[in-house]
Number of protein chains: 2
Amino acid sequence: MNFGGLISAAPVFDAIAWFDPIRIGSTSLLASASTADNAPFIFAGILASLVVIYLASTIGGEVCARLNLPPVLGQLIGGLVVGISALHLLVFPEGGGDSSNSLLMSFLEATAGLSVDGVTTTFQIDSEVISVLSEIGVVILLFEIGLESNLQELLRVGTQATIVAIVGVVTPFLFGTLGLITLFHISTVPAIFAGAALTATSIGITAKVLAELNYLNRSEGQIIIGAAVLDDVLGIIVLAVVASLAKTGEVELTNIIYLILSSVVFLVGAILIGRWLNPYFVQLVDALRTRGQLLIPALIFAFVLSYIATVIKLEAILGAFTAGLVLAETQKCRELKSQVVPIADILVPIFFVVVSAKTDIGVLNPAVPANREGLIMASFLIVVAILGKVVTGFTVFGQEKVNRLAIGVGMIPRGEVGLVFAGIGSATGVLPPALDAAIIVMVIVTTFIAPPLLQVVFQRSPEQNLPQPEAIASSPESR
Amino acid sequence: MNFGGLISAAPVFDAIAWFDPIRIGSTSLLASASTADNAPFIFAGILASLVVIYLASTIGGEVCARLNLPPVLGQLIGGLVVGISALHLLVFPEGGGDSSNSLLMSFLEATAGLSVDGVTTTFQIDSEVISVLSEIGVVILLFEIGLESNLQELLRVGTQATIVAIVGVVTPFLFGTLGLITLFHISTVPAIFAGAALTATSIGITAKVLAELNYLNRSEGQIIIGAAVLDDVLGIIVLAVVASLAKTGEVELTNIIYLILSSVVFLVGAILIGRWLNPYFVQLVDALRTRGQLLIPALIFAFVLSYIATVIKLEAILGAFTAGLVLAETQKCRELKSQVVPIADILVPIFFVVVSAKTDIGVLNPAVPANREGLIMASFLIVVAILGKVVTGFTVFGQEKVNRLAIGVGMIPRGEVGLVFAGIGSATGVLPPALDAAIIVMVIVTTFIAPPLLQVVFQRSPEQNLPQPEAIASSPESR
């Protein structure tokens, strides 16, 4: 519906009736004129973005479910389709988009009468809001994964997970760095940078696939989750080392020690304090009488831990995962899980669609000559990235019936963490453009290859009785 | 925990390790340097804001529940305590706050190491995000209210609701305007403006109280909801009339006709098309296999209607309410309601806390001489605002056992709609400061007085068997 004609014929009404009841406080309306004027457009843009995200994630997920592929792969592909790589419906300033190439903003201009003046502000604010919603989405995802995890089991497989994590960081880092130096004659610092980009597993994608395959609570699942969490911590430490190396040429030891110490103190401290707090949590929840009496205290706990994790330079998702892990031990866990399901249902798809909407797969096009050097290096990085993680499964000892291949494959997706390395590398000028593109290609391929691969290796597992993916996707257990 | 010392000792690490995996796309990291640098602070600020909001809403709600008052009153008071009126934890640019008087930003500076340079950007973006979350909150609230409502019952009481709405708009408008002119010697245009501010009922607050008292599905509840919805439409029309009157001195008839027509077409069209779509909706939901197969299509429907409502200059909440009303008629309603509950639990409190956090009750202080003239006028406006709505209940005919007083009292809260009038009035310079303040005081008083008053008049209702508030607040029926 295009009411543009009607609307622009009435400028007075336009300026005044476009109000927003929430955004206007008790003092001057025009105190923040630029945003107040655009308030209804900003919210209309959010509504339209959410509709695009949900359509992309649902259609993508459903298609993959019918092809016996993990739905999360479909959500990622849905994100590619609506994002910077194809339809330009959902683009972000950080992903190379701007208001002029955002199809959604054009749609708002056409349908909602958004003015050319307002489009920049609206685009920027909407991008920020959707980015924050996607961050809340991954926080809720890891909170839910934490709730589904089993601390006892995680501690039982702790040694194996630690070895998997360390081997999975050291192997690709060493082979990647040395290979780039010897085979591609890259100089040391950029080679180390690219090697570092090969280290960290994307916990979000792996955990989601494991949940979809109903493997989260088995030994393999818990080893992978444990290793992925440690990987995340190790990745942050590696990033700190490499970044200071790139900038000053030497490693700032105090930072590294600080990071390691704060990680250990945080993870151990949160679990110990959390377990001690658990009975009080149950008492508190039982005493509350208003709506959300279980959910709100649980979210306060998760957000406080996420905040602390962010503040000590770890990641918010580590805090959320730990909160879930601790609350999984209370008697309220079952009820809490069932309440978190709908929240995750509406927030988690935002994360996966946004991550891939921001990823430009244009670097994969071999018809562009500039891409070719990068693609050759990318092939090498992909092989190292996959083999470097697959070997980790075979370091697992003392677990006879475990699917070793599945553990290794579970560590493959690099996801957003690898993109951070590429981003910092290109920002500091350390990485030559071809290598920068190669890292991005490696991240895309490992991220998209892992979900179907994981499904294949779990299906081959002889001693496991794997339910049909369709049944899982909509069954209550997988929630 | 203050890691400020440790962090500032390591500037290199600061700049680089403060990354955010989601926010960084495949192109240049520093493309949007100002936001990318602040990304972890922005998210930390959101986490901290949400914790503050949930603490305020839970503590406020629980205290009120124990005093036998509606919990939503406690959430509003909680918002006052953390907002611009008291603690300054949650302040907004539109509410007269800025980054320098935001206690939350100071907290981020102290704990998260947010720099003085980054504080303005972080404050602005966080304010926008929390505002949008609160708007999503009221959209979800009205969607849930729609799901709880009964279209048949609403149509059955339609005539009564229409009369209640019209009387409730005309009475306070006439008496308010004439009273200001004769008693306070206010000139015509500002008097009309203030009279208009007396018209529109805040559907959110009333609906929430009705749900809390378990009265949403009774005749009184449905008359109030129906009248409040029509009130919202009438309020938008009155605003358009008054605004063009204030600006050009005459009424733009084409706009008014356009608004009336589009409102009618939207409400009737959405309900008719929705009812026709309902069987297909059920078929679609049954065919979907991935998570969120009921919730996501329902939200897409709600967001699309909200978008259309915004685009035709109505309000998003009207679209969400209509979507809920239509989906309430499908066989999936029960399941959908139970899934919407946790989402409403975490989003709706944001709305109530934010609305009152933005309200400065400083205008209520009689010790400030400048407030006195406003307070005297406010007393007059409050009397008109209350009596002008209370009379509406007695226009209800053909309903013998109905609680007429409750219907009138249910229409009392002006909430955010009244603030819009005050905001526009002060922005266009039409309203003298004292009258502007008087409108704000009227809004505050009617909003805060309505929930306890509504509870009292429903408890007096002899033929109703009212459950105890505590039982309602946490009982599944009230959800």
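Cβ coordinates are placed from backbone N, Cα and C, and glycine is handled just like the others.
Annotations in TrEMBL come from automatic prediction, not curation.
The feature transmembrane segment is assigned by TrEMBL to A:41-60 (among others).
Residues or ranges marked as domain 'Cation/H+ exchanger transmembrane' in TrEMBL: A:57-458.
What TrEMBL lists as transmembrane segment is A:72-92 (among others).
Look at TrEMBL and you will find A:161-184 (among others) tagged as transmembrane segment. When Cβ-Cβ distances below 8 Å are used as the criterion, the transmembrane segment (A:161-184) is approached by residues 154, 190-192, 194-201, 222-228, 230-231, 234-235, 238, 377, 380-381, 384-385, 387-389, 391-393, 395-396, 407, 411, 435 of the same chain, each at least six residues removed from its ends.
Beyond the ends of the transmembrane segment (A:191-211), by six or more residues, the same chain brings 70, 72, 76, 138, 141-142, 144-145, 148, 168-169, 172-174, 176-178, 180-181, 221, 224-225, 227-229, 231-232, 234-235, 238-239, 241-242, 245-246, 317, 321, 348, 351-352, 381, 384-385, 388-389, 410-418, 421-422, 425, 430-431, 435, 438-439, 442-443, 447, 450-451, 454-455, 478 to within a C-beta distance below 8 angstroms of the stretch. For A:191-211 (among others), the entry in TrEMBL reads transmembrane segment.
Packing against the transmembrane segment (A:223-245) from elsewhere in the chain are residues 145, 149, 154, 157-158, 160-162, 164-166, 168-169, 173, 189, 192-193, 196, 199-203, 206-207, 210, 216, 251-252, 255-256, 259-260, 263, 267, 313-315, 317-318, 321, 392, 396, 399, 402, 406-407, 410-411, 417, 420-421, 424, 428: each is 6 or more residues past its ends and has a CB under 8 Å from a CB in it. Positions annotated as transmembrane segment by TrEMBL: A:223-245 (among others).
Annotation source TrEMBL lists transmembrane segment at A:257-278 (among others). Residues 151, 233, 236-237, 240, 301, 305, 308-309, 312-314, 318-319, 322-323, 325-327, 329-330 of the same chain, all 6+ positions outside the transmembrane segment (A:257-278), place their C-beta atoms under 8 angstroms from a C-beta of that stretch.
Outside the transmembrane segment (A:298-328) by six or more residues, the chain places 135, 138-151, 154, 203-204, 229, 232-233, 236, 259, 262-263, 266-267, 270-271, 274-275, 277-278, 281, 336, 340 with a CB less than 8 A from a CB of the stretch. Positions annotated as transmembrane segment by TrEMBL: A:298-328 (among others).
Taking Cβ pairs closer than 8 Å, the transmembrane segment (A:377-398) reaches residues 160, 163-165, 167-168, 171-173, 175-176, 179-180, 183-184, 194, 198, 201, 223, 227, 404-409, 411-412, 414, 434-435, 437-439, 441-442, 445-446, 449 in its own chain, all 6 or more past its ends. As annotated by TrEMBL, transmembrane segment applies to A:377-398 (among others).
Residues annotated as transmembrane segment in TrEMBL: A:405-425 (among others).
Cβ atoms under 8 Å from those of the transmembrane segment (A:437-458) belong to residues 68-70, 72-73, 76-77, 194, 197-198, 202, 205-206, 209-210, 213, 215, 220, 359-361, 363-364, 371, 374-375, 377-378, 380-382, 385-386, 403, 405-406, 409-410, 412-415, 418-419, 421-422, 425, 431, 464, 466, 469 of the same chain, restricted to positions at least 6 beyond its ends. The transmembrane segment annotation in TrEMBL covers A:437-458 (among others).
With a cut-off of 8 Å between Cβ atoms, the residues of this chain six or more beyond the transmembrane segment (A:72-92) that come close are 49, 52-53, 55-65, 98, 101-104, 127, 130-131, 205, 208-209, 212, 349, 352-362, 447-448, 451-452.
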